[in-house]
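*Asks:* After the structure tokens below, expect a handful of questions from me.
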């Protein structure tokens with residue numbers, strides 16, 4: 001086995017694919033710097049394998065995988081590759097400088113995929129497995145092979161494919177529920193059957209990779225572990241293709257909380273889970289739903305009088321895990337307009353941020369401006385401020401000023417000043433309401449064809465002076481992006497969110513994708 005082999009039968013490896021499968025979620029594209037920040041977070045919290053991207057997809061993806069491979073201290077860094085020679089060579093080059101690099105190659109195995117996507121016979125696919133796994137093993141010692149659409153593949157043929165992949169040097173075998181079709185009993189039985197029937201199964205670690213189309217991704221992942229898998233592929237916040245992937249935080253906390261019936265451990269520092277969730281939400285501009293398990297805003301909130309009474313008497317009456325175990329701290333009111341740089345830096349470190357000097361200075365200036373406008377500055381305010389600052393560091397369009405005239409009579413009018421690629425411009429626009437006027441002013445300053453698909457507002461903290469956090473989703477052609485903006489003024493937050501979405505569209509305008517998207 002490779003260096004990532006489990007130290008005991010009970011050890012489960014965590015394979016995070018937020019930067020690859022997670023980023024395939026429509027609108028979730030991350031910048032180069034955001035990918036590096038997420039990878040650093042994953043490495044620091046104890047993720048065993050980071051799937052950093054799909055190197056053949058674009059030069060940007062290759063560069064991100066290569067830089068993550070160079071920087072990562074502990075985690076294995078994997079690059080995805082189709083069962084195509086050029087893909088495998090590109091992935092091998094991308095992870096070449098990693099302390100521990102992995103090539104993850106995949107091919108379809110189900111009858112429906114072979115007939116309609118691959119247009120290959122079973123024997124032809126076996127030959128492809130033989131050649132491509134051998135090529136990958138010549139480049140790296142750590143090779144993962146995946147049977148795409150494994151759960152709709154006849155078990156006899158699946159066993160033949162797995163045996164061939166291991167024979168040619170695969171050290172990890174992934175049997176994904178690609179379309180989220182399996183039930184837990186079926187998934188558990190598949191792993192048990194393959195491991196029992198494949199003669200060389202003991203030479204590889206088996207892996208689960210579950211999609212959430214029927215809401216069964218977590219249940220199936222746990223069932224796969226019970227069936228003998230010792231690696232779980234997952235993403236922060238469960239982002240991913242279609243309905244998403246199994247959420248890392250849910251897998252890890254399920255194993256930790258129910259160790260009485262699931263006697264398996266991971267190497268994850270669970271106290272960093274909330275920080276990772278917020279970082280990914282900020283980078284992808286995908287808000288976490290309020291009732292999301294483990295990391296949702298309401299995950300540890302209790303409104304029912306009966307529940308509150310029980311919590312006051314003993315937290316274990318209605319909490320099966322503590323907020324502190326996943327990094328949720330009690331909100332503190334220690335920051336304000338009189339707080340200096342040292343206190344602010346200490347608070348950032350407490351919240352899990354590590355900023356460069358320039359990033360710190362920008363964040364501190366925004367904090368002081370916020371503190372002048374807001375009586376109490378909560379941890380959540382600081383997190384929203386810093387996350388926005390990191391996400392907009394390389395924007396081509398920046399908001400300089402906004403004035404809105406609104407009321408029951410007369411036109412709703414917005415006057416906006418922007419910095420566009422270093423050039424300042426001002427425009428006025430009317431609208432059917434103040435938000436519409438703001439967005440019309442942006443359109444006048446930055447003409448575009450994008451259509452607004454989502455506009456959502458919620459308060460970051462409590463009180464009438466709470467920061468508003470606005471989410472916006474824009475679609476231009478086949479491309480959809482989501483972005484967020486935060487400010488005590490809802491209209492300013494709206495402008496920031498819309499501009500952040502436009503900046504993401506501009507940043508991704510030249511992004512190239514492989515002819516066939518990896519859809520594990």
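Cβ from N, Cα, C; glycine included.
Copying in the features that Swiss-Prot gives for the protein in this structure:
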- 21, 209, 211, 245: Mn(2+) binding site (BINDING)
- 12-274: domain 'Pyruvate carboxyltransferase' (DOMAIN)
- 398-520: region 'Regulatory domain' (REGION)
*Asks:* Could you break down the residues of the region 'Regulatory domain' (398-520) into DSSP helix, strand and coil, giving a count for each?
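*Replies:* Secondary-structure composition of the region 'Regulatory domain' (398-520): 30 helix, 53 strand, 40 coil.
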*Asks:* DSSP on residue 21 (Mn(2+) binding site), three-state: which is it?
*Replies:* coil
*Asks:* Just how many other Cβ atoms lie inside 10 Å of the Cβ on residue 211 (Mn(2+) binding site)?
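*Replies:* For residue 211 (Mn(2+) binding site), the count of other Cβ atoms within 10 Å is 27.
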*Asks:* Tell me, what is the mean pLDDT of the domain 'Pyruvate carboxyltransferase' (12-274)?
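*Replies:* Value for the domain 'Pyruvate carboxyltransferase' (12-274), mean pLDDT as a whole number: 97.
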